[in-house]
Amino acid sequence: MKSILKMQNVGYYYQTKNNRVDILQDVNFSFEPGKLYTIVGPSGSGKTTALTLLGGLEKPQHGEVLYKEKNLKEIGYDNYRNQKIGIVFQAYNLLNYLTPLQNVIAAMEITKNEILNKKERAEEFLEKIGIDKHMMNRNVSQLSGGEQQRVAIARAISTQAEILLADEPTGNLDSDTAKEIIGIFKMLAHQEQKCVIVVTHSEDFAKSSDIIIRLKDRKFIGED
Amino acid sequence: MSFVKRAFYSVIYHKGNNLLLFGIFTLILTLVLSSICVRDAAEKGINQIGKSVDISVLAIKHKDDMELDSFGLQMAHEMEKLPQVKMGSYLSDTIAVAKDFKSYFNKDLYTYTLEILPERYSKEWEDGSVNLVGITDTSNYWFFQENRNKLLEGRHLKKEDEGKSYAIISRVLAETNHLEVGDTITLQSFTMKNKVKEFKIVGIHSGAIGNTFPSYEADCNYIFTPVEFADYLGPGGIKKAEYTLNNAFKANNFIDAAQMIVEQGEDKGELTFETNNLMFLQASSAMKSSIYVANAILVSVIFMGGIVLCLMVLYSMLGRFFEVGVLLSLGERRKYIVLQMIIEVFLPLLPAIPISIISSNLIAGWLGEILLSNGPAMEKITVLVSIQSIFIVCVCGLVLAITACILPIKRIMKYQPKKLLQIME
């Protein structure tokens, strides 16, 4: 299957006072739709950095990230984030002055992807994810961690993005809830044919994925 | 959900912060509006004072450091016609000869002085000489000030008597010559014997005999007539012209215009103009202080208030940069995030404006009562909020709100989403 996202000779470093610290060096990897990828590695190995580069939240210092063979710079980082990807953060990062329903609608209104009947679609996504009508209109701070993470996932998928990126989505959750979330990601990849890329330090999560990418010596090594 | 709706929801959610912002806006705008109202009222007051308090300009011609020279009465009348002038008063003095009556003459002193200083003898010293003062208003002349002399019968000469051959003589001359108010006297020019003029006595003053020399310098020998006759009977011209202006602020305009008239006359460039605006300055000093205080309040409130607002907005935004990072990661455009932020700062400003208008009406009235009550008695100045001042205040609020947003906006425009998300961490 043709790749939807590609990293070509991607390199990233940050500069301290005295020296340069390389995080990623000459990373080459392709991602296909319909698959669940997990990026694993020890803390500080550059997993989140890789995800931010894939999500267009940061620009690589070397190489390029390609969406359908087009450089993100060419597409425009704002456009890319607006239409092509959905991101789930470890800390959920919901807008605390909006209800769960309003959070999802906000994402749908921001994206330029055409979405009709936004309110109904938002309710549908939330229900699918396990958030009932009663919880939809409460303040987000009144929801549990698992419920907030579900809302974050609903927000990420509501924009009809083809790519879903998640940074430690089960990091703050108990094991049962984590299993449910993993199940949702698998469903999104296999049934909705999205390209789902998850950064995690959980080996259980990694084992559930289609492809495990291990960060070693600042490079990606993929395992089926 | 558009950025406008997000702004509304955010303002409601962060109500504590926004109430504080609203309070600060209200305070700043109230003080700004009150200062503007008081300043406007004080300026109105000064204008009123300018129209009601007399300010005069004196025109004179210097002969040397001690003496004044004469200049043309006709030119002086031309200057009086200038639009800035309310009234002109003139003064001239000369020696005249009492034609059909006797003046006071101290013969002993005359003889004695002639013996001592024969080389300084002047015909003016002789019997019959009187001191003729041509003047517009006798009541303001030094002769009648500080109880030196009084008017005993009849009336003073006034502006309305210009051109009329009236005279005021002393009681000494009246008794010596059996004259009273209504009688006539004749005066002759000292230098041109053919110039003779008859005057009707309209007043009698208390000027007394004194041991002055020459005799015509004695108060009892002072005869007052309208200025035209001193000009006619004397060598010609007047010594002083004093112009009362109809507006204190027109003094310079008047002087410029008067100088142009002078340039065209014989006294080209030789007249000097001295402005006497002491009364105006005294009367308007309270108002000027009020303007100074109001301006000081205005500037310091805007400056300090601006700083406080900027710090408040920056502080509140610093805690929300992660939210900006989230919005950017959702694909929102930076310009809409900036607009959302500006709207969130504006929303507390909107109710602050009408409330500051109401409260400043009260405060300005109170401030105005304190600051403007020390002026002269004049038409009561009402300190009220005007449309213009409301407009100024709205612009001020706008500028403050935008200025408060500048630093946060700069950060939003500068950083990548990852950096903004890291600020939260």
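The count begins at 1 with the first shown residue.
Including glycine, each Cβ sits where the backbone N, Cα and C put it.
Keep in mind that this is a model prediction, so the values were computed, not measured.
If you look up TrEMBL, you'll see B:126-230 marked as domain 'MacB-like periplasmic core'. If you look up TrEMBL, you'll see B:292-315, B:336-363, B:383-409 marked as transmembrane segment. Among the features that TrEMBL reports, domain 'ABC3 transporter permease C-terminal' is placed at B:296-417.
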Point to revise | Cβ contacts under 8 Å made by the transmembrane segment (B:292-315) with residues that lie 6+ beyond its boundaries | key: 17, 20-21, 24-25, 27-28, 31-32, 34-36, 38-39, 42, 345, 371, 396, 400-401, 403-408
Practice item. State the non-local partners of the transmembrane segment (B:383-409) in its own chain: residues 6+ outside its ends, Cβ under 8 Å from one of its Cβ atoms. Key: 25, 28-29, 32-33, 36-38, 40-41, 302, 305-306, 309-310, 312-314, 317-318, 338, 341-342, 345-346, 349, 352-353, 356-357, 360-361, 364-365, 367-369, 372
Point to revise | For the domain 'ABC3 transporter permease C-terminal' (B:296-417), mean pLDDT (0 to 100) | key: 81
**Study point:** the domain 'MacB-like periplasmic core' (B:126-230), counted residue by residue under DSSP: helix, strand, coil
**Key:** 25 helix, 36 strand, 44 coil
